[in-house]
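Colleague: Sharing the record's features from Swiss-Prot:
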ACT_SITE  ASP13  active site, proton acceptor
ACT_SITE  HIS41  active site, proton donor
BINDING   12-18, 40-42, ARG304, 330-332, 412-414  GTP binding site
BINDING   ASP13, GLU14, GLY15, LYS16, ASN38, ALA39, GLY40, HIS41, THR128, ARG142, GLN223, THR238, ARG302  IMP binding site
BINDING   ASP13, GLY40  Mg(2+) binding site
BINDING   THR298, THR299, THR300, GLY301, ARG302, ARG303, ARG304  substrate binding site
REGION    119-138  region 'Disordered'
Amino acid sequence: MANVVVIGAQWGDEGKGKITDLLSRSADVVVRYQGGVNAGHTIVVDGQVLKLHLIPSGILYPDTICLIGSGTVVDPRVMLGELDMLIENGIDISGLQLASTAHVTMPYHRLLDQAMERQRGERRIGTTGRGIGPTYADKSQRSGIRVIDLLDEQRLRDRLEGPLQEKNQLLQTIYGMDPLNADEVIAEYLAYGKRLAPHVVDCSRAIHGAARNRKNILFEGAQGTLLDLDHGTYPYVTSSNPVSGGACIGAGVGPTLIDRVIGVAKAYTTRVGEGPFPTELDGSLNDHLCDRGGEFGTTTGRRRRCGWFDGVIGRYAVEVNGLDCLAVTKLDVLDEIDALQVCVAYELDGERIEHFPSCSEAFARCKPIYETLPGWQCSTADCRRLEDLPEKAMAYLRFLADLMEVPIAIVSLGASRDQTIVVEDPIHGPKRALLSA
């Protein structure tokens, strides 16, 4: 048995959905432990493109239990829309389970999120406007609505009365918006609760039951390390903890249950929204990476900012998450570039540093120090074994592995499941006998 956490090692959008889908074949249970509909992942199966925001990738495997954990925030409208889409595509959803203690994104959360972002103007954070931050804020202030509250009308009414009065006052007085009608909100969310009720479970109990039965459990993170509320590029971060430690809190398990942590990183770097990005490119190279890599957000449709691979944040992700190995995605996007640059350090106020600065203002002043590697300028899309890769592509991967001081277990060369090279079984294989110099 092996219990594995999969995390993003950059700013999100690393291709975790595909890697989780690949690893789900060996998993009995897949747990989404944080985030909400602000995250999105795209999976391609037999040429069919499926875009999901809340439902774990493992839903495509009929014998796999997919659990949305207590650390997530759930928008029932989006979740039910995804379930309907899966049913229409002939996918069995009977294995889906939803934590009774997960918090619920209410209509006022979305309205306030969008209004606050507009009010920030040039100081905007770049939120998705889906209400994630306000939902987590209410959770911290102990005034949130949980999934279990949607199953009982009186409990929902009691829980909602105070918060809705407060939110309506904000909407009207501060933002000049119309108030929400309590009876309409209650009726709408009770209807959601009725549809979700068959899937609602005690999250921690379900996971520990699987662990006692020696099941393989895969914990799926959303977003990425540099968007972590505590360890990312604050304030340009999400409102939860995508790092591996967040799996324990968001799923209700202890750290001794985790056997291995796998990081996912693109062969280059992207970021969506605002915030510092030292290796960001402009001009034709940025356009090439964006167009060739299809760098448009699953959730927002926004064009992602693109840049060279940043080994400084890569090493930071290894340390913060305790990575055992790495999956490198979108190597094929670099196929046509003649010279590749990799950031190995920063120049900050005239000094060379090799660590990620905790101060966002200092990070914004960092200039990348690059090493240049030759490109391979031929297609890798059809490579299925490590030895099929061009030597220069192999050299690039070895350089990344050495720079980050972590072995590479998986190389992804496209969106489809079969466009993957598994160097070593990342779950059951030896922890350090993978691709390195």
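Glycine too: its Cβ is placed from the backbone N, Cα and C atoms.
Give me the structural setting of these features: burial, nearby parts and distances.
Modeller: Secondary structure at ASP13 (active site, proton acceptor), as computed by DSSP, is coil.
The Cβ of HIS41 (active site, proton donor) has 25 other Cβ atoms within 10 Å, all protein chains considered. DSSP classifies HIS41 (active site, proton donor) as strand under the three-state reduction.
Counting every protein chain shown, the number of other Cβ atoms lying within 10 Å of the Cβ of ARG304 (substrate binding site) is 22.
Look at THR128 (IMP binding site): DSSP puts it in coil.
For the recorded site, ARG304 (substrate binding site), the DSSP three-state label reads coil.
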Colleague: CA-CA, which of the binding-site residues ASN38, GLY40, THR128, ARG302, ARG304 lies nearest LYS18 (GTP binding site)?
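Modeller: That would be GLY40, nearest by Cα distance.
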Colleague: Rank aside, I only need the closest one: which of the recorded positions GLY12, ASP13, THR42, ARG304 has its C-alpha nearest to that of GLN223 (IMP binding site)?
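Modeller: Closest recorded candidate to GLN223 (IMP binding site) by Cα: GLY12.
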Colleague: Given the recorded positions ASP13, ASN38, GLY301, ARG302, ARG303, find the one whose Cα is closest in space to the Cα of LEU331 (GTP binding site).
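Modeller: Nearest candidate: ASP13.
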Colleague: With a 10 Å radius around each C-beta, find which of these binding-site residues (GLY12, GLY40) has the fewest other C-beta atoms nearby.
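Modeller: Comparing Cβ neighbours within 10 Å for the binding-site residues GLY12, GLY40, GLY40 has the fewest.
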Colleague: If one measures from the C-alpha of GLY40 (IMP binding site) to the C-alpha of ASP13 (active site, proton acceptor), what distance in angstrom results, rounded to a whole number?
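Modeller: About 8 Å separate the Cα atoms of these two residues.
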Colleague: If I take the alpha carbons of ASP13 (active site, proton acceptor) and HIS41 (active site, proton donor), what is the distance between them in whole Å?
Modeller: 8
Colleague: Select the closest residue to ARG304 (substrate binding site) from the following binding-site residues, measuring between CA atoms: GLY12, THR42, LEU413.
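Modeller: Answer for the nearest of the binding-site residues: GLY12.
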